[in-house]
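Annotated features, as they stand in TrEMBL:
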type	residues	note
DISULFID	882-909	disulfide bond
DOMAIN	31-177	domain 'F5/8 type C'
DOMAIN	322-499	domain 'Laminin G'
DOMAIN	501-538	domain 'EGF-like'
DOMAIN	537-588	domain 'Fibrinogen C-terminal'
DOMAIN	744-909	domain 'Laminin G'
DOMAIN	910-948	domain 'EGF-like'
DOMAIN	968-1153	domain 'Laminin G'
REGION	1156-1179	region 'Disordered'
SIGNAL	1-25	signal peptide
């Protein structure tokens, strides 16, 4: 084997090859023998004993010797009971009892273990530290199975709580079996060599297993090489294991070789850690202490036989370092020093995760002062102060809260002050050093005692939580073991001969790439830039579909979609087209037309399509959709899809199932058929596809809608190798409509009815979300039970939603209370989450309620019953109402499918407008649908899915939009149209008018409403820019004028006007700020309404002079969202949904009033054909009769003639261009392939147009 680079770890290796099969089998073998009952009295020891008859030797389970168990002299948390099993054993279970026939028992305790009786380690359950629950009386036995088991010689039981009416009392038993293994001791310069036996090599499977313990944080445990240069290196760096794997063609290993896998933390604690490396083919599993990572690697590795070099011992040495753990901010260790010494010196090592805390304080004698050494923001600070002098400060080190051991040495004497951190010296200048030092005699490590002790100790940043070891004062090492009986110093909240530091970021409970950081007590997740939020980055900040975005009121645009919510899939960006339904549009890299030549079955062409999302993300999106489709236009010229000889496919496509598909159209996957074949209209009736006619002209096939095969991932073409043979294709984006899971719902009709589903598995992280609607005052939404654990979500009262749960720490409840009742028959959204850090409940937009998880508590939610939805297992307190879109950890439950076969429950739920009708704006009406709702914008001046898109128009000089309510007064009596309600026998006593405008010209007519009785309403801008509203409700009186002169309204800014009249009372609002109410004198009714004019007045009208002047000028600028009661004239003119009595004259262009009016605004918008918006032919004729002006008639005739001449000229130019294009394409057809789409379109244009029945598509 080649030489091993770097220092070999100074460590002990435990080789457990003989026990390999047993380790793999877990606890399935027999390892449950009682181990304590056969031990001698000398194997028991304790911190103290109440009397000789309460000694530790009487602590055997079910024994009544002595006083019937062990009891210490004093009952406090520093007492312990210890057993020596004589050799290392595998311990699989423990059992406890109280003192026989007494009131002495322990209600909770810690379990510690050790190989040597020193350097104890606490047993951890569920990766969190927690005391075992003990006894409730003196004689019952409480038994615990240890998973994982313990391999140790010594066990120590530490009582935490006991019967308050008695004292500590224990009897114990330990179960397990013998544990045998070979060990080797390495000193940092030695190594074991294994030379490979080539005959025993396995090219498929390889397993490396070992256990190690060390106090060193760095070193190589294993380096292994294959014959081809393959190698594995297992290295410890800063207490973490790094596995480096390189294949034979990789560069030689170096110190900067890339780290492939990292596992473990704090592995330099002098306790055994297990390592397992398994290779099966190229799959590598790397496991450290039960935590596993997977990796794919190349290369082969080998088997072995043994040799060694250097100082290798096959026995275990036990370093005698004694650590102490400062468990809480109240912990401290007070050690005696010497009084009146002229020098203060101390050294120690520490490790912690906390950024701040006191490390050392000592008082100065003769002068009032002290010396503090503390952590602040991960840096070490030495602060010396005394009265009458400026304080001296030194800062050293950085990032010292990284969990690693750091060494500290401080020295203070006359004119000298220094601190050494990890070998780096930081000192104060002599002028800043103290003039004289006299030590105070007591050194406080880690914190200060309570002030009642009379100490002058100061701890400005709180106590230290972490571990210390190798403490020396004045160059004398402190024997920390002597602290235990109280013979040396004083302390509080210490754990002696044990470092209880835990890496709370291993495993990393921060999901979705969240960054984990920690303190001594807990961990924190930084969710920035992950797309998730919450205490563990579990909850996605994005919706799961375009449908969900739509029903939050969002309009068309680009959105991030997280199709599986809190599941493992990442969010991705796509376009949502919000129409009456929500369309999801997913693009790919092959949207251009691609031409294909010179292919044959031996030399096929394959086109690949890469989407903006992964295949898993696409599948999740497709699964949620109601319908998906994808257009693939396939053009062919002498290029067949199917061979005439044997029917074998010559071209095909592949979808997400990675299966070859040969159908080219239709909704069903019918092999080797196209749309024309299904409809029976192919160009050659002998074939099922146009392309199979093999004609020397362009035809096409293609459209698919069977979503289980979508999207198209590649296309293969093989028949373009013959003369004049060619094919081309263009794949459109994947289009998906709706979200069937968003509307999936069930109605619960009786309190005894419920739906049941498989057990919910959310052990470490669980979220539940759903919508509900009810008129009931209470009921259980969801319940899932375990042996003791459970979760329940319920409507506790009409205004309270409660989440109850238990994960082993006792039941908790969190409630959200609403100021209004939830039982209002409207949809309400509930989201519940429970994780390692906290539990939370959120309902609608109310403030969420949270419950922090108990420190070091149980974390696994263990459920085993069925999941009940809408009720409970007892069929009591069931829910009455609807539940919709129920999701658990991002996975939706199909309520409708289960409801179809469940009595008392119906699939679906009606009545969405009561909740979502608010999304229909500007007079839009909410319309119920089986799955959701839609907004009917017929009576609104706005358009779009929520009636929120303004319809605006730029009016050129002299242009008009005229809406005629009735051309002959007598016709109104028999009319049933919307216009009829405005006139005839009806007298208009009220109206609501809304519009916005932008202009710079005065005078201007904004709006004119006329009647057959010469009554009218006009809204104008006067010459000075004042806005005037003129009501003439009596033909014999002068009009009422409402004048707004607070500013010039012709300032080029967008202004909003609202007018609301109730008989003679008019309320006017300008720009949502200026408001005025006036009373009209001319009348209360507008009779027989005739027409509504925007812009220039064409007809002769009997109006006042100001209105006539403005009407002759018309309007130049932008008008938007014009609505007169239920009539929207701009919408009828620009976006007609049905014939309307509307006339458009002059230059009127759909535009946006938000932009500046004029050519810049209109140049980028489309111009509407005037004739197209004049209603039907029959509608237009009576409209033209209303135009009285001869000049207007002549002008109209001239405009029609000019329009016809322009059309003729355009057609002639088009024919000329096509002829030129034909000649140019014929000359350059074979070489112009760069712009494939333009060329192909040109060729299709010059060819005889393909009939619609020749076009085929596939989705």
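The backbone N, Cα and C atoms fix where each Cβ goes, glycine too.
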Among the recorded stretches 31-177, 537-588, 744-909, 910-948, which has the greatest number of Cβ pairs closer than 8 Å to the domain 'Laminin G' (322-499)?
-> 31-177
Confidence over the domain 'Laminin G' (322-499), expressed as mean pLDDT on the 0 to 100 scale, is 87
Give the number of CB atoms, excluding that of residue 909 (disulfide bond) itself, located within 10 Å of its CB.
-> 24
Counts of helix, strand and coil residues, the domain 'EGF-like' (501-538), according to DSSP = 0 helix, 10 strand, 28 coil
Just jot down the residues in the same chain as residue 882 (disulfide bond), at least 6 apart in sequence, with C-beta under 8 A of its C-beta; none if empty.
-> 745, 746, 747, 748, 771, 772, 773, 774, 909
Leading contact stretch, 31-177, 744-909, 968-1153 vs the domain 'EGF-like' (501-538) - CB distance under 8 Å = 744-909
Of the residues in the domain 'F5/8 type C' (31-177), how many are helix, strand and coil by DSSP?
-> 9 helix, 69 strand, 69 coil
